[in-house]
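J.: Handing you a structure now.
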Amino acid sequence: MNGVQISPDESILWQSEVWPVVKINATLAFTWLVMALLVIGSWWITRRLTSDTKIPRWQNLLEVLVTGIRDQIRDVSRHDPGPYLPFVGTLFLFIAVANLLSIVPGYVAPTGSLSTTAALATCVFVAVPVFGIASHGVGEYLKRYLQPTPLMLPFNLIGELSRTLALAVRLYGNMMSGAVIAAILISFVPLFIPIVMQVMGLLTGMIQAYIFAVLAMVYIASATKVAK
Amino acid sequence: MSIDWFTFTAQVINFLVLVGLLRHFLYGPVVRAMQAREQKVTQRLTDAEAAKAEANQQRVELEKQSQLLQEQRDDLFTKAKAEADSERQRLIAEARKEADTRRAHWTSTFERDQKELANQTRRDIQRMGFQAARETIQQLADEDLQKRVCQTFVKQLQMLNEIQRASIATQLADSGNPVLVRSTDELDDTDRSLIREAIHQVFQNNAEVRFESEPALIAGIEMDAGGYSLPWNAERALKKMEANVA
């Protein structure tokens, strides 16, 4: 990637000659890397879990992580975190790991791709009504768009779409800007400052992962709450 | 800033696949492990509570048993002490009784021995006294004493009352035997005639009088008249005195 390429989508690794639209770019490659790390790491640690009071340190790490996510979900939704844990937890873990790996030279965070953030936001966009309907049925959920008056229907729809768009663009903008600023600073001040910016980037990446997951949970919680 | 729709679609699929995989490999096992641990801890706490309750119950029971044992021990101790006191009193009384019995026995034995010794001593003294008197009288027995004995015998004879005199005279007459006079030493003629006259005078007859010597008599004279005996000698007097003293 050079200074011109601001999205990993543009870094094509492989492209089908038959269907040129089918291609493997850096976004997909690094996404699979992140997925592989998460899945293999989870499998490696959870293959010998114990329910004793004395547990291995890696299991302890995972339990702290999962317990933290569950507590956050419970704090936001006031519901049992069980049904939401896989979706919201995966959002957080994927974004966090994807962003944290930015410290590795040559790696480009897939979250710096608008395609990725849009895909994640779309997943949230779909998940909100799915959880709402799963909780209390279709009719009850759809009534939400007619509240407080049917006249508000267009605005509710616009709000739904706009917050999905905001979700996608917020993450993309933050991640992309961090990479761009780092690239620009390297051209001006090659020493020290880029390191500070890398640290700032790690912090920003974690904050963005947290914000994205919590906002997703807030949207889902509002859907289930309204359904009540 | 554009969206690559193939990448977009692939990322949606990737994310959904990741959700499924993490659900299978991460959230499920970890949550199950934590729930199992919570259940185990809860079970352990429950078991611990039960064990604690049981321990408390056992403690209460043990305290009761301990108290019971203490009371029983005290009772036994008190009873044993009372029995020991009673036994001690009994033994003391028995010992005192035995001591009294022995003392009484000893006292009686001692008194008997003392009396026996006193009697023996008295008998010995008497025997020795009378022996000494006999020896003294024998040694002193000379003519004057013989005369004094004769005179005393005559006085004795004359002191017989009328009934005795008559009775002896009758017997002399009936038997026809002579009057026998025994003395320690041979009497001289004076003494013999004095005695003969006295006999004749007292019994109012002329009965024959025969004289014999009898050394066993101590300073004395014996008269045998027709079965009636009139003795006078120191041996007889000493025997009489000895019988009275004993």
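Keep in mind that glycine also has a Cβ here, set from the backbone N, Cα and C atoms.
Computed from a predicted structure; not experimentally measured.
Grabbed the feature section from TrEMBL, which reads as follows:
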- A:24-45: transmembrane segment (TRANSMEM)
- A:84-108: transmembrane segment (TRANSMEM)
- A:114-134: transmembrane segment (TRANSMEM)
- A:171-193: transmembrane segment (TRANSMEM)
- A:199-221: transmembrane segment (TRANSMEM)
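I'd like these features described in context: how deep, what's nearby, how far apart.
T.: If one looks beyond the transmembrane segment (A:114-134) by at least 6 residues along the same chain, the residues whose Cβ comes under 8 Å of a Cβ in the stretch are 7, 9, 27, 31, 83-84, 87, 91, 94-95, 141, 144, 160-161, 164-165, 167-169, 171-172, 175-176, 212, 215-216, 219-220, 223-224, 226-227.
For the transmembrane segment (A:171-193), the residues of the chain that approach it from at least six positions outside its boundaries are 3, 6-7, 95, 99, 102, 108-109, 111-114, 116-118, 120-121, 200-201, 204-205, 208, 212, judged by C-beta separation under 8 angstroms.
Using a Cβ-Cβ cut-off under 8 Å and counting only residues 6 or more beyond its ends in the same chain, the transmembrane segment (A:199-221) has close neighbours at 69, 72-73, 76-79, 84, 87-89, 91-92, 95-96, 98-100, 102-103, 109, 111, 120, 124, 127-128, 131-132, 163, 167, 170-171, 174-175, 178-179, 182.
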